[in-house]
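Visitor: Got a structure here, written out as structure tokens. Questions coming.
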Amino acid sequence: MSVQVVSAAAAAKVPEVELKDLSPSEAESQLGLSTAAVGAMAPPAGGGDPEAPAPAAERPPVPGPGSGPAAALSPAAGKVPQASAMKRSDPHHQHQRHRDGGEALVSPDGTVTEAPRTVKKQIQFADQKQEFNKRPTKIGRRSLSRSISQSSTDSYSSAASYTDSSDDETSPRDKQQKNSKGSSDFCVKNIKQAEFGRREIEIAEQEMPALMALRKRAQGEKPLAGAKIVGCTHITAQTAVLMETLGALGAQCRWAACNIYSTLNEVAAALAESGFPVFAWKGESEDDFWWCIDRCVNVEGWQPNMILDDGGDLTHWIYKKYPNMFKKIKGIVEESVTGVHRLYQLSKAGKLCVPAMNVNDSVTKQKFDNLYCCRESILDGLKRTTDMMFGGKQVVVCGYGEVGKGCCAALKAMGSIVYVTEIDPICALQACMDGFRLVKLNEVIRQVDIVITCTGNKNVVTREHLDRMKNSCIVCNMGHSNTEIDVASLRTPELTWERVRSQVDHVIWPDGKRIVLLAEGRLLNLSCSTVPTFVLSITATTQALALIELYNAPEGRYKQDVYLLPKKMDEYVASLHLPTFDAHLTELTDEQAKYLGLNKNGPFKPNYYRY
């Protein structure tokens, strides 16, 4: 099977073939064309149009940057450069055919002029079966063994997946690139995209007021002077603003991506152009993922003394490969529930040898990023990937933490019928009081249209659940890790995988039933769409302050354990974002502060308070 997209000139010839067997009167009655116009559109006697397009089977594919599956599915790919060929004829300007097959315009005074020709364009591609066991890396490339560490974004050999930037199949690891300063200490998809990425970063800066405020306040002092931060997070425009803020505060940074699909290539290029050693691109393989992390850590003459992690992969890699580095590392800042869980496991086993800050459970992360960010981005991710209408659809959301609450609220507001699964009786009661029906997954799995996981756990959706799903059920994950959906169980010979668009796979059973799997079970919003910049400003500011706190803390303040961000800093982060809304805080009087037993400047709530 092949798909062709043709230009207006080629499309204009379609009605000629259909009209050749009609009399002028029949054509006039059926298409509303004048008899003169029909006669003018008829093919010349003695043969077909010499410029008529060849049969589909004979047309060669046209190479170039617009070809390929991504281009064929892009709205721009089918854009018609001129007015429709089926437009009703103008009484003053009629189309005629030259004897050589070209078009002509007849003006009212009888003058005949040749119409401008459009170049015929074809975009053609053949159906290809996805090979999930094939890696794009060259034969002989060293493999960073899976046994060394299990990634929280384990790709399950997804390197063969198509990505949005697949026009250049050469791996960035095989390219020799330098920025304008002559540095090659980076690895990105294409350094030439830096200018476009810079514009995206500048747009993000407008929605990240707290980080910009930190830059201004740090002009006279550098609280991170001497800090060498190695980071592993999603590389987006918002992350770039954070990295450049850390640089303005005096830190040196090296960065890799925590998710193989969430990197914005143009932003990574802009950071590399600015002198940041960045090792990331969209669509990394499993080997690429660990290679990028290793390039950030294993550097001659440079050793990190701070870690900023999202998912725990960077921390785990250093523990496994370079444990001696922890002698100089002052602390770890972890953003996600998956990474925090791994830190608590290390602490429980007595293997956590530095202080760690749990940003995920800070108020400003839980109550804003997890709730409001997911409430908006879940709809965006589903709409971009599936074009689905939400009204009346039955959806089950696994987990009713802050992420689950945001997803449920958004879908309910769009008219969906929402079910919730939950293990915690407190969260379960909250779901019931919010108007959602609490169920077990196997009770509704046959009837729901969408399954969304947001638990931070593993194997929440098993092969048994997947087998029982209805045809065309959409399955996706809003948690950090790709372990919530048992995707590995779907990579069996009896099931067929078809990539239908970027980050969208149809998994087809032998009886013809199919499910729609989004982002191969990885984080939906950052893999398939984007997230609100303003909310990420809150999280990024929390991360920056956590790094400052751990780096400057006197010896002995923090032991080898996992800590929450001090309440005073949570309140400070929130206060930096209030001016955006022209919000004005009420101040306590001395009498009121004394009555409540509070400092007038905060903190205003005890650590045990639940917002």
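For all residues, glycine too, the Cβ spot is worked out from N, Cα and C.
Residues annotated as substrate binding site in Swiss-Prot: T236, D310, E335, K365, D369. The NAD(+) binding site feature in Swiss-Prot is assigned to 336-338, N370, 401-406, E422, N457, 478-479, N525. As annotated by Swiss-Prot, compositional bias 'Low complexity' applies to 1-14, 36-57, 68-81, 145-164. Per Swiss-Prot, the feature compositional bias 'Basic residues' maps to 135-144. Per Swiss-Prot, N-acetylserine is recorded for S2. Taken from Swiss-Prot, the feature phosphoserine applies to S107, S149, S152, S155, S158. Residues annotated as region 'Disordered' in Swiss-Prot: 1-184. The feature region 'LISN domain, inhibits interaction with ITPR1' is assigned by Swiss-Prot to 2-109, with experimental evidence given as support.
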Visitor: Enter the number of other CB atoms within 10 angstroms of the CB of E422 (NAD(+) binding site).
Guide: 23
Visitor: For T236 (substrate binding site) and G401 (NAD(+) binding site), determine the Cα separation and express it in whole Å.
Guide: 25
Visitor: Average the per-residue pLDDT over the region 'LISN domain, inhibits interaction with ITPR1' (2-109) and send me the rounded value.
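Guide: Mean per-residue confidence for the region 'LISN domain, inhibits interaction with ITPR1' (2-109): 42 out of 100.
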Visitor: Would you mind reading off the Cα separation of V403 (NAD(+) binding site) from D369 (substrate binding site), to the nearest angstrom?
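Guide: Here the two Cα atoms are 9 Å apart.
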Visitor: Name, in the order they occur in the sequence, the residues of the same chain whose CB lies under 8 A from the CB of K405 (NAD(+) binding site) and which sit 6 or more residues away.
Guide: L371, R375, Q430, D434
Visitor: Within 10 Å of T338 (NAD(+) binding site) (Cα-Cα), which of the binding-site residues D310, K365, D369?
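Guide: Qualifying among D310, K365, D369: D310.
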Visitor: Name the residues of the same chain, 6+ apart in sequence, whose Cβ is under 8 Å from the Cβ of N525 (NAD(+) binding site)?
Guide: C373, C374, S377, I378, D380, G381, M478, V531
Visitor: In whole Å, how far does the CA atom of E422 (NAD(+) binding site) lie from that of D369 (substrate binding site)?
Guide: 21
Visitor: Give the number of CB atoms, excluding that of D369 (substrate binding site) itself, located within 10 Å of its CB.
Guide: 26
Visitor: Please state how far apart, in Å and to a whole number, the two most distant Cα atoms are among T236, D310, E335, K365, D369, the recorded substrate-binding residues.
Guide: 18
Visitor: Taking just the CA atoms, what is the gap between K365 (substrate binding site) and S336 (NAD(+) binding site) in Å?
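Guide: Roughly 10 Å, rounded to the nearest whole number.
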Visitor: If I take the Cα of G401 (NAD(+) binding site) as reference, which of the binding-site residues D310, E335, D369 has the closest Cα?
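Guide: Going through D310, E335, D369 one by one, the Cα closest to that of G401 (NAD(+) binding site) is D369.
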